[in-house]
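Asker: Pulled the feature table from TrEMBL, pasting it below:
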type     : residues : note
COMPBIAS : 29-44    : compositional bias 'Basic and acidic residues'
COMPBIAS : 45-56    : compositional bias 'Basic residues'
DOMAIN   : 97-124   : domain 'C2H2-type'
DOMAIN   : 265-292  : domain 'C2H2-type'
DOMAIN   : 293-320  : domain 'C2H2-type'
DOMAIN   : 349-376  : domain 'C2H2-type'
DOMAIN   : 377-404  : domain 'C2H2-type'
DOMAIN   : 405-432  : domain 'C2H2-type'
DOMAIN   : 433-460  : domain 'C2H2-type'
DOMAIN   : 489-516  : domain 'C2H2-type'
DOMAIN   : 517-544  : domain 'C2H2-type'
DOMAIN   : 601-628  : domain 'C2H2-type'
DOMAIN   : 629-656  : domain 'C2H2-type'
DOMAIN   : 657-684  : domain 'C2H2-type'
REGION   : 19-56    : region 'Disordered'
């Protein structure tokens, strides 16, 4: 039978009771119940919600509603096919309902109906107490609670009450940390669907709400309303204690806490409390390490939006703070204040021992240590002390591998600002230091000195143990660690040590998740430059490694070595428990887990564990919806490169896996393995009920249905 609107799925429970399921936005069609019921072809289904009668698709034993329609992308199940169809648009991005006035599209018809009232100005629902009108019935119901004071939705963790169920659901995510709404383009997660919608428009650049006075555009309508108050001067929210007024209700609520001292937002890790939820969220990032604000030029991330804004000025060159005497501009207000003292001559900080004056209190404090000999900043790894905190910070980067200075052109990072300055000359082309023997030029003088030793043969740095000599001191230092076993670069998270700082830097990316090497084709990022190089071959099609048996080419040398074992039959890796042999060490490692049951890779979103990292990566894409591998012939997207490779063979007809006994070829290696059992007679899949064996797992699955009686098709 025909369903009028698949966006509104009538549940077994009452429409007027609990409302929509927790966490789902109120649907405008559901808000207009009295309109929708007159158009509904099956009012008996609605009546079942009032009478308590169960529709035919509820379980007769427990009354729970069956959900026979699963989503193949994320596994979520639905009671009706129409609801599944609407849900799948979350993954596909399909928005079939378009506004004929502005062209904006929506994935649900009810959302379009609501949106069109932005253009028509229609507000059919009026409050009988104050006369205020609304374009949603649900918004009127919520508004009426401002008159009655009713807050029927209470948090079971902190007791706070809310007038709207969605506000309670959003509030509870402060306690749980849940962020169920994922961006299909970048994978970023959000606690509210409105935050996701606003974020998605950062990808599209869409700002559909424009101010009719100044033309400024906004991503969401609430931002437009707030902005318009800058023109009207309206501040409708007043403090009852001091009379101060505010343009935004949330600002008033936060302000009132300065009178009451209430700090309702507590950190569940350290107990620290905050007056504003936003302050708690920023604080919690000191525990989690989350840095959700990323620079779109260099990829560096920050815990607070304000820190990102300041950082972005290193790329844009923006210096909004200007000196009114000389016109010089600065990125920070504090830098302007310090600069202005060069005009006034003010040096307010004086040393009481020698009388020397300073513009900064910090400079005075540092200077006084030349008298006292104090070196209060000690390295907790090697014990070395420093008079200035900046020098300790620079020193600690030897241990941590941190490189905080980023090049605005290529994103490369450096431990010192002087190293960044030298690097930036690689972009300008400036090389002021030239070799007088061959004319080769260098960016920094130390590079010239090291180069000149290639002419003289000089290797002034010798190892005291084995006598080996080196042209560069750092090479000797690294070499000596092969004798001493010293590994001075320790990871502060897991304690693993390294002899070379570069290896520590690479290792730390396992913990931080940092991936500084970004593909300019698809935006995918990598922790190591060589992994980016391999990945880029997916786009370029380059396959530099060729098999001399069959001529097949590969993008990676490891894949060639693995492939060649198909020809040789070599399986050098044997299981010490069952004796089974494998062509790849990684396959043996994976096989071992069938004995141990180990699944070391866990999903941080749902907790599911996997035996392989690649399976976890593929699983993550169920949450994010990302399909980074696209077929250039038909445009179909894939979440895994393996699936993408196999699919392409449907276009090319390639069958690279050949049977050495009969010559038959196959597009997929697993098909070859199954085929070879027709020659060997091997049947590794056994039925645990009757003992019958089969060559293929799929054949066993079909056979088992003769026992279970299952008929899935």
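Each residue, glycine too, has its Cβ placed from N, Cα and C.
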Asker: In the same chain, who gets a Cβ under 8 Å from the domain 'C2H2-type' (349-376) while lying at least 6 residues past its ends?
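Answerer: Beyond its ends, the domain 'C2H2-type' (349-376) has Cβ neighbours at 338, 341-342, 385-388.
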Asker: Take the domain 'C2H2-type' (293-320) and find every residue of the same chain, 6 or more past its ends, with a Cβ under 8 Å from one of its Cβ atoms.
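Answerer: Distal contacts: 282, 285-286, 329-332, 406-408, 411, 515-516, 518, 525.
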Asker: Looking at the stretches 97-124, 433-460, 489-516, 601-628, 629-656, which one shares the most CB pairs under 8 Å with the domain 'C2H2-type' (377-404)?
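Answerer: Comparing 97-124, 433-460, 489-516, 601-628, 629-656: 489-516 has the most Cβ pairs near the domain 'C2H2-type' (377-404).
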Asker: Restricting attention to the domain 'C2H2-type' (489-516), give the mean pLDDT.
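Answerer: Over the domain 'C2H2-type' (489-516), the predicted model scores a mean pLDDT of 82.
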Asker: Going along the chain, which residues at least six beyond the ends of the domain 'C2H2-type' (657-684) come within the CB cut-off of under 8 Å?
Answerer: 550, 566-567, 569, 646, 649-650, 693-696
